[in-house]
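According to TrEMBL, the protein has these features:
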- A:12-34: transmembrane segment (TRANSMEM)
- A:69-258: domain 'ABC transmembrane type-1' (DOMAIN)
- A:73-94: transmembrane segment (TRANSMEM)
- A:106-127: transmembrane segment (TRANSMEM)
- A:133-156: transmembrane segment (TRANSMEM)
- A:184-205: transmembrane segment (TRANSMEM)
- A:237-257: transmembrane segment (TRANSMEM)
Amino acid sequence: MSRSVFHEALRHLALLLILFAVLSPLLWLLLTAFKPYGELFNNPPTILPEAATLVNFTEGWEIGGGKGIMDSLIVSSISTLICLILGFPAAYALARRFPPHGQLSFTILSLRMMPPIVPVIGFYLLFQELALFDTYTGLIIVYTFMNLPLVIWLLAEFMRQIPKSYEEAARVDGATWFQLFRDVLLPLSLPGVLTAGILAMIFAWNEFLFALVLTGDAVITLPKALASFFLFQQPNWGQLGAIGIVAFGPLLLLSYYMQRLLIRSFSIELGGR
Amino acid sequence: MTDIAPTLTISRPPAGERAKREKAAERRSTMILLAPALVFLTLMSIWPFAYLLYASFTSYQLAIPIPIEWVGLDNFTKLMGGARFWSSLGITAIFALVAVPLQILAGLGLAMLINSISRGREIYASLFLIPMMLAPIIVGFSWNLFLNPIYGPLNALLRSLGFQPPAWAQSPEWALPTLVAVDVWQWTPLVMIILLAGLRSIPPRVFEAAKVDGSNRVQTFFNIILPMLAPYMVVAFVLRFIDSFKVFDIIYILTRGGPGTSTQNLAYYTYDVGFSRFQFGSAGALSIIQLVLLVVGTTVILSAVRRRSAAGEGGSR
């Protein structure tokens, strides 16, 4: 018994050491966000900030972080909303009227596999023609295109778990399509809608290449704002770190939820057959 | 469709006409439900693709106001005659065929270790997931800072231990291995989570039976765990293979394709040709080559997997 406790402790120790090594670049960035400019380029570097400061957070917001957060919020939330509005009815049709793992689901999902560098040139030329270059509308269209296949597929997977009898009962009671949607389908598939929505939001929030190529000075999302700091030889790492923490740190809170979701999906997809 | 129609006809025997009408109504409603999404997806695939295809057969250059000429396959033949195309193809292949297997190995080790503890599995899984949850751009600049040859912490540590560390992303020999390492760092979590799902699918009685049969740890690993994880490893490999063509952000932030062109994969090369030199003809041709490579590569892998799994099932029965 005590031997197995010892082994368990050893494994925890190994995991903690690996975890520390893996996360150390991120921890370093976290510490850097609190260092004043003068301390950034010390050689050898200071581990803990000697004169800890919050100035990077206020400056980071002013030099582009604030604009970046606003633009990213606009583009990712609107595109996510459109994905859900277009995707919900399509997913319902796919779940109820087509076999699982059929040709149509596969075709829709395969769009997701395309590397973004392939459509980006086509979009660039098209957007020049349609005056959509460097507009919110343009980027929203592209992010909707990028996320819609996954949203449809995920929602359809969730809806297949809902028993048909609920809808049939509602129809027998004479419910209209809208009532069926509002009172039966939406509440029952809410976890699926939330999951698909969160994923679409994260992907749009993190996206870089489309934003880099398809926008100029009017629309500057977070990843693009951060990348623009790299034009300088010695970027202000403190400001970069501060923006990074504020803009991307909250996503990490979803990590627990995400590993559950992923383990469950892969178990269902591969083990359930 | 097929599973609803029979019940309708059976429950209402005389109403053949009505069943037909209901089926037509159902087909119509299916179309109405699907149409908005499918029209959007089709339009947004075909319309830009038409531009891409058109550009790739012409001398389309945005910055230079020369008339656009139809050049046929010139863009493709010129690209394939250049050394840069082949070196960027090689670098894409390194991400697909070196980084991905490393991710599978590291992910397997991590998943086995996490699965072997009895408390706190989910907490470790969540924390190890962090690199994958972050925007690639943040990954890029965390590593850029961490590996900075002058004021970065890693080299400071190595120097204090008496080593003479290289300049990592800025050195000609180390730039590519550095990028591969960062890619492995970022995507091992996905493999880990897929294999954790796989390990969870193995019923405990299988291990008990193996123990009763006197199988030692190594035997259990090779004879039971590995075969049962095989389908999960295949899925992880296919997903990562497809995604390895997408590597761009970390190259942009860590090396800008350099030193020289030593870390340009096909995606970065395409970006460089298209948006630094505005040669949309060549960039379009490069995009189409990548699409073809990806489709062919995925088809080959999937058909190999299907053939092997079919043979495996035939053999075991």
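Every residue gets a Cβ built from N, Cα and C, even glycine.
Because the structure is a prediction, the values reported are computed rather than measured.
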Can you tell me which parts of the same chain pack against the transmembrane segment (A:133-156), counting only residues 6+ beyond its ends and a CB-CB cutoff under 8 A?
71, 74-76, 78-80, 82-84, 86-88, 90-92, 94-95, 105, 108-112, 116, 119, 123-124, 127, 189, 192-193, 195-197, 199-200, 203-204, 207, 210-211, 214-219, 221
Surrounding residues of the transmembrane segment (A:106-127) on its own chain - C-beta under 8 Å, 6+ positions past either end:
94, 133, 138, 142, 145-146, 149-150, 152-153, 207, 209-210, 213-214
If you count every Cβ pair below 8 Å, which range out of A:73-94, A:184-205, A:237-257 shares the most with the transmembrane segment (A:12-34)?
A:237-257
So which residues does the transmembrane segment (A:237-257) touch in its own chain, when a touch means Cβ under 8 Å and the partner is 6 or more beyond its ends?
29-30, 32-37, 40, 55-57, 59-61, 63-65, 68-69, 72, 198, 202, 205-206, 222, 225-226, 229
By Cβ distance under 8 Å, which residues at least 6 away from the ends of the transmembrane segment (A:73-94) in the same chain are close to it?
104-105, 108, 136, 139-140, 143-144, 147-148, 151-156, 158-159, 185, 189, 193, 196-197, 200-201, 204-205, 219, 221
